[in-house]
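These features come from TrEMBL:
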- 722-742: region 'Disordered' (REGION)
- 18-43: transmembrane segment (TRANSMEM)
- 64-86: transmembrane segment (TRANSMEM)
- 135-154: transmembrane segment (TRANSMEM)
- 166-190: transmembrane segment (TRANSMEM)
- 202-222: transmembrane segment (TRANSMEM)
- 248-270: transmembrane segment (TRANSMEM)
- 291-310: transmembrane segment (TRANSMEM)
- 356-372: transmembrane segment (TRANSMEM)
- 379-397: transmembrane segment (TRANSMEM)
- 417-438: transmembrane segment (TRANSMEM)
- 445-468: transmembrane segment (TRANSMEM)
Amino acid sequence: MCTVVNVKFLISRVGEDWIFLILLGLVMALVSWVMDFCIALCLQAQKWMYGGLDSNLVLQYLAWVTYPVVLISFSAGFTHIVAPQAAGSGIPEMKTILRGVVLKEYLTLKTFVAKVIGLTCALGSGMPLGKEGPFVHIASLCAALLSKFMSLFGGIYENESRNIEMLAAACAVGVGCCFAAPIGGVLFSIEVTSTFFAVRNYWRGFFAATFSAFIFRVLAVWNRDEETITALFKTRFRLDFPFDLQELPAFAVIGIASGFGGALFVYLNRLIVQFIRKQKAINKFLMKKRLLYPALVTLLISTLTFPPGFGQFMAGQLTQKESLVTLLDNRTWAKQGIAEEFEYIGHAAAWKHPQANVFVTLVVFIVMKFWMSALATTIPVPCGAFMPVFVIGAAFGRLVGESMAAWFPEGIHSDGVVYSIVPGGYAVVGAAALSGAVTHTVSTAVIVFELTGQISHILPIMIAVILANAVAQSLQPSIYDSIIRIKKLPYLPELGWGHHEKYNIRVEDIMVRDVRYITLNCTYRDLHDVLLTERLKTLALVESTESMILLGSIERAQLQTLLSQQLGRPRRLEYLRQQAQNERKHMSVASTPSSEEGNHKVNQEVRFQVSGWAIAEWEEQQLDEQVNFNNCKIDPAPFQLVERTSLHKTHTIFSLLGLDHAYVTSIGRLIGVVSLRELRKAIEGSVTVKGVKVRPPLASFRDSGTSSSDAEVTELHKLWNRHTNLTLPRDPQPSDSDEKSQ
C-alpha cells in the first residue's frame with residue numbers, strides 16, 4: 001500500500017506525460033534493438049549454413065530454401081494461433097483506430113507477443129519484407145499496455161481521449177526507433193495515420209521519438225556495433241558541389257517514373273490479393289491449409305534468389321541492409337572512357353557478373369524485387385512494405401545515376417571545374433521518391449536525410465518526392481488505403497482529385513430517410529421492439545411522431561438498462577413477493593384452526609399459480625407503461641447537419657471530429673441520418689446501394705433558389721404558428737412581369 005502511494009506521489013510530481021513518454025521510448029528502443037539483434041543472428045545463420053555447404057550445390061540449395069520456408073511457416077502459424085490480428089502491416093488498423101473506431105483484440109498483450117515474435121522470424125528469413133509498418137503497430141501496442149498499467153494508479157489514463165493522444169505519439173515512436181529518424185518518424189506517422197492532427201500532440205511525438213531513437217543508437221554503441229552515434233546508413237557525398245543544375249531534369253525523371261512505379265506496386269499488390277479471393281476453390285483450399293500459401297511463396301522467392309542460380313544476376317546473396325549500403329555508395333561502378341576498373345570489394349562484389357554488366361544486374365534486380373515484394377507482402381505474417389520499396393527505389397536511382405555517369409564519363413563541366421557524377425545521390429533520390437509514391441507521403445525525404453546523415457541533395461529529393469506523389473495520388477490510393485479497402489475496414493476514403501461533381505452532392509442526396517427513432521412518450525413495448533429489430537449503437541430521441549423534433553440521442557446500452565430495470569429479476573421477485581404476501585393474508589383470514597395443517601400445501605399451490613399466470617400479466621402491464629427517461633443518460637446535442645450541407649463539407653467534418661454518423665435536420669425536425677457507409681458509397685460513386693440516393697449528374701444545374709428555400713420557409717411558418725398567433729412576413733414572390741423584365 002505504501003509503495004502504491006509513493007508511486008502516485010511521484011507521478012503527480014514529475015508529470016504523467018513525461019513518465020509515460022519516457023517509458024514508451026525506452027521500451028520501444030529495447031524492443032527494436034533486441035529484434036534487430038535476433039534478426040541479424042537469423043540472417044547470419046542462413047549465410048553460415050549456405051557457406052558451409054559450398055562443396056555440394058544441392059545441399060546448398062536445400063539449406064538456402066528450407067531455412068526461410070521454416071521461419072515463414074512458423075511465423076504464419078504462430079501468428080494465426082496466438083493473434084491473427086497481428087498479421088500484416090498494422091498502419092491501416094491504427095489509422096482506423098485513431099479515427100475513433102474500436103477494433104477488438106488489436107491492442108492486447110497476445111497481439112504484442114505475436115507481432116514481435118512473428119516479425120522477428122519473418123525478417124530473419126531474408127524475404128523482401130519491411131519492419132516500419134509493424135513497428136508502428138508494436139509501439140501502439142506498447143502505448144496501450146502502458147496506459148492500462150498507468151491507469152492502475154488512477155489519473156488521466158482512465159480517459160479514452162487521452163489514450164488516443166498517446167497512441168498518436170506511439171505511431172511516431174514506432175518509425176523513430178525503427179530508422180533512428182525521430183523528425184521524419186513524427187512527420188511520417190502524421191501523414192499515414194491522421195487526416196487531421198491535434199497540434200497539442202506534436203511535442204509528445206517528438207519527445208518520445210527522439211528519446212527512443214537516442215536509446216536505440218546508444219545500445220548499438222554499447223554493443224560495439226558503432227563507435228559513436230551516427231546515421232544508420234551514413235553516406236559520404238561531397239558537400240562543396242553535390243550536384244549540378246543540369247542534373248535536375250534527371251532527378252525529375254526519377255520522381256515521375258517513381259510515381260508510376262509506386263502506383264503500379266499498389267495495384268499489383270491489390271490485384272494479387274483479389275485474384276486469390278475471387279478464386280473460390282483456391283481460397284477455400286488455402287483456408288484449410290493456412291501454411292501452404294506462405295510456404296509456396298517463400299519457396300518461389302528463395303529459389304529465384306539462390307546465388308549460384310538466377311540470384312547471381314540480382315545480387316541474391318545480399319540482405320536488404322547490405323543491398324542498401326552498396327547502392328548508396330558514392331563511388332561509380334561503371335566508368336566508361338576511364339582505363340581503371342572499379343574494384344568491387346566486399347558486398348559490392350555481388351553486383352559484378354562476368355557475363356553481364358552492372359546495368360543488366362540492376363535492371364534484373366529492380367524487376368524481380370518489384371513483383372517479389374508485392375507478392376511477399378500478401379503473406380499472412382507481420383510485415384511491412386516500406387523497406388523493400390525503399391531498396392527498389394534506391395536501385396532505380398542507382399541505375400539512373402550509373403547511366404548518367406556512363407553518358408558523362410568525365411563529369412559535368414561548371415565554370416571550368418569538372419565534377420563527376422555521384423550515383424549514390426541518385427540512389428538516395430530514388431529511394432525517397434518511390435517510398436513516398438507508395439505511401440503517399442512527403443516525409444520520406446526527411447527520413448532519408450536522417451538515415452544518411454546528409455542533406456546535400458535536399459533540393460532534388462524534394463523535387464522527386466513531390467512529383468512522385470503528384471503522379472501516384474492521381475492514379476492509385478496509398479498502400480495503406482488500399483489495404484483498408486481490401487480488409488473493408490470502417491474508414492472514410494479521401495475525396496479524389498478532379499471529381500468536381502462530388503463537391504455538388506448534398507447531404508439530402510445521400511442520407512437514409514428511414515430513420516429509426518424513439519419518441520418521448522413511447523412505451524417499454526416500443527423500446528423492446530426497437531432493440532429486437534435494430535442493431536444500431538445509438539437511437540434518435542424525438543418529441544413525437546407528428547413533430548419529429550430531435551431532442552437528443554440515446555445509446556443502445558442505456559436503453560437496454562432501462563428495459564432491464566423495468567422487467568429485470570429484482571422487480572419480478574419483488575412482485576412475486578408482494579403477490580405471495582397478499583395471498584397469505586387472504587388465506588389467513590379465510591382459514592380456521594382446523595385447516596392450519598394444510599397451510600403449507602396451500603402456500604405451495606399459491607406460489608405455483610402466481611408464478612404461472614401472474615408474471616405474464618405483469619409483464620404485459622409493465623410493457624404498456626410509458627418510459628421514464630429521468631434516469632437515462634441522453635446526449636442533448638448529437639451532431640446534426642442540414643440537408644443542404646455539401647459532401648465536401650460533410651467529409652471534412654466527419655474526418656475532423658471522428659464521427660461515425662450524423663443526424664440530418666430541417667428546422668429542428670429529424671429528416672434523415674448519414675453514416676460512414678453512405679459517405680463512402682457517395683465518394684466511391686455508387687448509385688445502386690439501397691438507402692443511398694446519390695445526386696443526379698445534372699444536380700449542379702438544379703435551381704437552388706426556390707424549391708428548397710420555399711420548403712424551409714413553410715416549415716418555419718408552421719413552427720412559428722405553433723407557439724404564437726402572429727404571422728411571419730413572407731418574402732415577396734416575383735411576378736411574371738418582373739421575371740420577364742429580368
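A Cβ is built for glycine as well, from the same backbone N, Cα and C atoms used for every other residue.
Curation does not apply to TrEMBL; its annotations are automatic.
Segment contact holds for the transmembrane segment (64-86) and the transmembrane segment (291-310), given three or more CB pairs below 8 angstroms at sequence separation of 6 or more. Counting Cβ pairs closer than 8 Å and at least 6 residues apart in sequence, the transmembrane segment (202-222) and the transmembrane segment (248-270) reach fewer than three and form no contact.
If you look at the transmembrane segment (291-310), the same-chain residues 6 or more away from its ends with a CB under 8 A from one of its CBs are 50, 57, 60-61, 64-65, 68-69, 72-73, 75-77, 125-128, 276, 285, 316-317, 368, 372, 375-376, 378-381.
Within its own chain, the transmembrane segment (445-468) is flanked in space by residues 175, 179-185, 187-188, 230-235, 237-239, 242-243, 247-248, 251-252, 254-256, 258-259, 262, 328, 425, 428-434, 436-437, which lie at least six positions past its ends and keep a Cβ under 8 Å from the stretch. Contact between the transmembrane segment (18-43) and the transmembrane segment (166-190) is present: at least three CB pairs lie under 8 Å, with pairs separated by 6 or more positions in sequence.
Counting same-chain residues at least six beyond the ends of the transmembrane segment (356-372), those with a Cβ under 8 angstroms from any Cβ of the stretch are 128, 261, 265, 268, 301, 304, 313-315, 333-334, 388, 391-392, 395-396, 398-399, 402-403.
Pairs of Cβ atoms less than 8 Å apart link the transmembrane segment (248-270) most often to 417-438, out of 135-154, 166-190, 417-438.
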